Each structure stands twice: as C-alpha cells, then as structure tokens.
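Q: I'd like to ask some things about the structure below.
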Amino acid sequence: MSQPCVVLATASYDHTIRFWEAESGRCYRTIQYPDSHVNRLEITPDKRHLAAACNPHIRLFEVNSNSPQPVMTYDSHTNNVMAVGFQCDGKWMYSGSEDGTVKIWDLRAPGCQREYESVAAVNTVVLHPNQTELISGDQNGNIRVWDLRANSCSCELVPEVDTAVRSLTVMWDGTMVVAANNRGTCYVWRLLRGKQTMTEFEPLHKLQAHNGHILKCLLSPANKYLATASSDKTVKIWNVDGFKLEKVLTGHQRWVWDCVFSVDGEFLVTASSDMTARLWSMPAGKEVKVYQGHHKATVCCALHD
C-alpha cells in the first residue's frame, strides 16, 4: 500500500475501525475489533501508526497496511481508556483511564513507564506544547497538571464541584487552555509561566456554550476558533477573540462525540451517534462530505493531513 497523504479514521460501537478517502468518502479499509469498543483514536506524528484506546488496553495499528492485527498492545489500565496522545517526536505516548490513572508509555519498550493517580475516572488528557506537562480532567470535576520533570502534580483546579470535566484543549502556542463539562460550560484560562517554570492558570472567560453535555472541545491550529461538540446534535464554532459565536454546524441527527481540525484549520471532521462522520468547511460553515458505513454510533475520529 502507498502511504496516504491524508489519514482519516473513525471508530464505532459496531466494533470496527474504518479508514476513509477524505475527498471521495470511500472507506478503503476496515479493522474488525470484536473484543472492545474504541473510545479514542490518535495518529502518530509520523502518520505510520494509529492508536486505539479501548477497554482496558491500547492497541497500535499500522496505517500503511492491510493487516487486521495490531503491531503492539499496551496493557496496564484496568478500565476504559478515555484519552490517548503522543509526544511531538512520537517517542512516547500518554493515556488516561476510568481506572483513575494517567500513564506514560515508551513506544520503543514494552510496559508502562510512569503512572499518576488521579483517583477519579479520567475523561481527558492533553499534552502542553512544552512537552513537559500533562493536563487531565476527571469525572469529579478536577483538573490536574502533571509535571513530567518533577514527576508530580504541580497544580489542581476545580472549576465546578462534582461536574465532570469532559474535554480539555490547549492552544498550540501554550497560552490558553479550555475545559468543557457535562453542563455545557467551557472554562477558559490564560496560561502563564510561573517563577518555578510551573504553568499557572489565570481565569479568562466562562462560556455557556450548550444546554446539553459538551463531549469535545478543540482549539483550531491557527488559534482562531474553539469548536464545541455536544449532545444537542450540533457543533458550535466560537471566535477565541471575545468568544463570540461564529457558526453552528447542523446536520447530525444525534449526539456529536468527537471532532478534529485539519492542519490548516480550514476543515473539521465530526463523529456522531447517527452512525456517520462528516467533513465541514470552516469558511462556509457547511457540510461537504458524509462518511457512511458504520452500523452503530460513530464515537471518535482521527485526522492527519
């Protein structure tokens, strides 16, 4: 197989992972995944592998292959893995799970290298662009910063007590973080570098984005937009300069679980319980492609272009 220039993948409760031709909408590869549903997908920086976060393991598949078998399985979590991502050079992977832990994995060696106890079920983990801090959000409403140099929790925030933090996103230049919760609220902080090189949070904005759950929030690569995907079937696009509503993406018939921007921020891919993924033009605010083939809810998507 030739290496695709655009890698687009989705996963569903139908126990499959599908790869799509982004422009034509054709599904060109399906991986059967009978032993678990997939909670999250992430593509490695070099586009060679796709990580599938499952229950309770993470599996790594080759992108440029027809093999249905994973090239590596990472076992250590004891419950649903809800978050997965990679360091910028692809040397290590991080994960967060409903077992209450955040873990770091060296991709060149078997086993978990580090583990941090969050206690409550972890719903989301993001890596700060400085590559030295992980930020996690959990079911009890806690946000924690894990300093990888000090190997400890350096900061803890609780924006709303007993309201689950569903999704976190960090601006590409490391100056802003947004947390979205189950009450449809986004909390925005400016990130400051402290005297001890520790990241400090300065409250910037509180945005009541949706009436239902926010299932994913994501800042665009050009640091211009914030996308919020919701149980109200819509994705809203906010201008981060003042957090004014720019567009409402309508078309999905059920909950929208996930979204991912193209590298230039001109397109957004979304995944929904209506069994589809969709490609949206950001300038037009319109749907330009529907990816149909899953037989149950499409709950996550990954894009590397």
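Cβ atoms here come from the backbone N, Cα and C positions, even for glycine.
Under the heading repeat 'WD', TrEMBL lists 1-30, 74-108, 122-156, 207-241, 249-290.
What does the local environment look like for each feature on the list?
A: Outside the repeat 'WD' (1-30) by six or more residues, the chain places 36-38, 41, 43, 47, 50, 52, 61, 63-66, 269, 271, 275, 277, 279, 289-305 with a CB less than 8 A from a CB of the stretch.
Sequence-distant contacts of the repeat 'WD' (74-108), counting only residues of its own chain at least 6 positions beyond either end whose CB sits under 8 Å from a CB of the stretch, comprise 39-42, 44-46, 51, 53-60, 114-127, 131, 134, 136, 138-139, 146, 148.
Below 8 angstroms of C-beta separation, residues 82-83, 85-88, 94-98, 100-102, 104, 114, 116, 162-174, 177, 179, 181, 191, 198-201 of the same chain, each at least six residues beyond the ends of the repeat 'WD' (122-156), sit close to that stretch.
Long-range Cβ contacts of the repeat 'WD' (207-241) within its own chain (Cβ-Cβ under 8 Å, at least 6 residues beyond either end) map to 166-173, 176, 178-188, 247-250, 252-265, 268, 270, 272, 280, 282, 285.
Packing against the repeat 'WD' (249-290) from elsewhere in the chain are residues 8, 10, 12, 20, 22-23, 25, 40, 213, 215-216, 218, 220-222, 224-225, 227, 229-231, 233-237, 296-305: each is 6 or more residues past its ends and has a CB under 8 Å from a CB in it.
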